[in-house]
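Feature annotation from Swiss-Prot assigns domain 'F-box' to 11-58; the stated evidence is sequence analysis. Residues or ranges marked as repeat 'LRR 1' in Swiss-Prot: 82-106. The repeat 'LRR 2' annotation in Swiss-Prot covers 185-214. Summarising the annotation, Swiss-Prot assigns repeat 'LRR 3' to 215-240. Here Swiss-Prot flags 310-341 as repeat 'LRR 4'. Sequence annotations record features per position, and here Swiss-Prot assigns repeat 'LRR 5' to 342-367.
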Amino acid sequence: MDTRKVKSSSRDAVNCLPDEILAKILSYLPTKRAVSTSLISKRWRNLFALMIQLFESQHHLYLDDSDLVYPEEGKGEMKDVQESFGDFVDKTLTDCNTIKKLSILCPLKCCAHKDIDQWLHHAMERGVVDLDMRFKMGFTPTQNEWPCNVFTIKTLVKLTFRIEVGQNKMPYCPKGVLPVLKSLFLHAIWFACERLCHSMLPGCPILEELFLHDLRGYRYNDSPNFSISHKTLKRLTVHFNNSFELGRPMQFDTPSLLYLEYSGFAPCRYSRTSYLNSLVEVKLDVHIRHECNTHMHLSPIIDWIGNVKTLSLSPASVKMMYSRCVELHVFSNLVKLYFESNEKEGWEVLPRLLNKSPKLETLVLKGLHCASDHGVCVDRNEVKVLEIYGFSGCGREVRQVKCLLREMQFLQVMKVEIDAHDDNKKLRVINHLLDLPKRPSKFHIQFL
């Protein structure tokens, strides 16, 4: 059959569909693609508006400034493009009767305060439940220019918010009134940490998940404490950008916390961690700055991980443990350990951790090629599942695997991710692993 006839038949079949069916199809497309269909023909020009009318509660409105092509030169043209994007967002939101999920991303160019305020007003009026807004303002907003409306949308269940204001700090932290908010994600927010705890979090009475990424705040002398206090919080993620000169005192009052992920410098010795016994899983990426080491202390870190069932340690965390000769407590509840090190000294921490983890069942390793030539000796343990990532098949890796298999008498499965781009090399590594000394019949190897 002629190719042109097939294409023509396909177009005719689509065009024969009722407008309501086509609008339903558009509701499954990303907003940018759904809007672009208006260029197909006169009939398609109004289908996006029909989709908004019929399926607005099901569609995720995703609007970003890459929807428009930026001219390479000419400030006048750029201003026109920015205004055009603002008009497009404003018209799209105005055409909606209700909005459940909305994302507006303007990472490339600065947004005007009046536009942001208008978009938030539209979202608030239409009962938005899930809001994701990320933009830059190009200046430090005053209290009147800061988009406070975002923290007063009472229908919000999930809020993701990022604002870039250059190298200046936010002069204050707005009070939140978010009675049904359960998940709060803040990116690159520049205000003092204690103001977050005292001004914003009290307005989120049922908050369960708090994510603070690239948290900067004030310098050590201006804002000495990092404090999180919340009774219903279950998941907490804190990613500092390591801009602080010194370790900071940290205080946690989170009796319901189950998951903690922390990335940044080690806290100072005056930190107080209350109510962390409920923790089930902890991920640590803890750094230490040697010129400031008198201010940083590891006892708070050990307190965090004392009762967890799942623990993840980054190379920086492992380095911190061996460089400071940390005395480890018994991890009486630990059943799964993620361990990664890119230095041979770091692998000396692994036997100590295994000896302190009597209930450990799953061990996940990465960076095995950095272990010493003679391998790391471990005592017999209860591990049943061993996972190895980035295995290239070098001699020291193979020797280390043999050592682990010899002491893991209860091991049932070993999962290995082969790091080889060449298929022939990958096959050689697989055959090498399969030729290792035979184990009991219950043991088997899986390749990831």
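Just so you know, glycine gets a Cβ as well, placed from its N, Cα and C.
Quantities reported herein were computed from a predicted structural model and do not represent experimental measurements.
If one looks beyond the repeat 'LRR 4' (310-341) by at least 6 residues along the same chain, the residues whose Cβ comes under 8 Å of a Cβ in the stretch are 263, 266, 280-288, 298, 301-302, 347-350, 352-353, 356-367, 370. Under 8 Å from some Cβ of the repeat 'LRR 5' (342-367) lie the Cβ atoms of residues 315, 318-319, 321-323, 328-336, 376-379, 381-390, all in the same chain and six or more residues away from its ends. Across the repeat 'LRR 4' (310-341), the prediction's mean pLDDT works out to 86.
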